[in-house]
């Protein structure tokens, strides 16, 4: 959850602030993630008796990492390839979450099933919060560090806070200056976007490695 929530955070902003899509268009672009997750859930349920929870979780983590890494490599390619990467990520995460949920519920005594379900729900919520906090913080830090404004483009420090602020400031400049600031801000945000994708893919790969080690025990 940490990884994919962070990816959705930066992707939604890039689609709107860099590519100029509307909020509705951005939401439709990200739709393959929940659709693939919903498709993977019943398939994981069918495969669980044969392969077990850990192997399904391992495969799910690896697919999610592959999808995110693919998006990082293909983010400037055609939209169709990016949609495929999002679908792969969502499919992997859906299978992993279903298997993890099954493992949690089966490991708890019947009289404590409600408590186990509550802990599971809280863990997912915590993962979302951590994803926004950690990867959102990384996005802001890399954007601020990557934005290099020329000395003759005096717009103040607010442009370094976020791409939203930079675009807002650009709206009040002359056309040539506005275009320059907009281009530089979008280039800096793309650097932040890639950094978050690499971090998210690395987190999923580390998770897959941890599961693989657990399988050996």
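Backbone N, Cα and C define each Cβ position, glycine as well.
As the structure is a computational prediction, the values presented were derived from the model and not from experiment.
Record features, source TrEMBL:
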- 1-217: domain 'Major facilitator superfamily (MFS) profile' (DOMAIN)
- 26-49: transmembrane segment (TRANSMEM)
- 56-75: transmembrane segment (TRANSMEM)
- 81-106: transmembrane segment (TRANSMEM)
- 126-143: transmembrane segment (TRANSMEM)
- 192-215: transmembrane segment (TRANSMEM)
Cβ pairs under 8 Å with the transmembrane segment (56-75): which stretch of 26-49, 81-106, 126-143, 192-215 has the most?
81-106
What else in the chain is close to the transmembrane segment (26-49), if you only count residues 6 or more beyond its ends and a Cβ gap under 8 Å?
4, 8, 11-12, 15-16, 56, 60, 79, 82-83, 86-99, 102
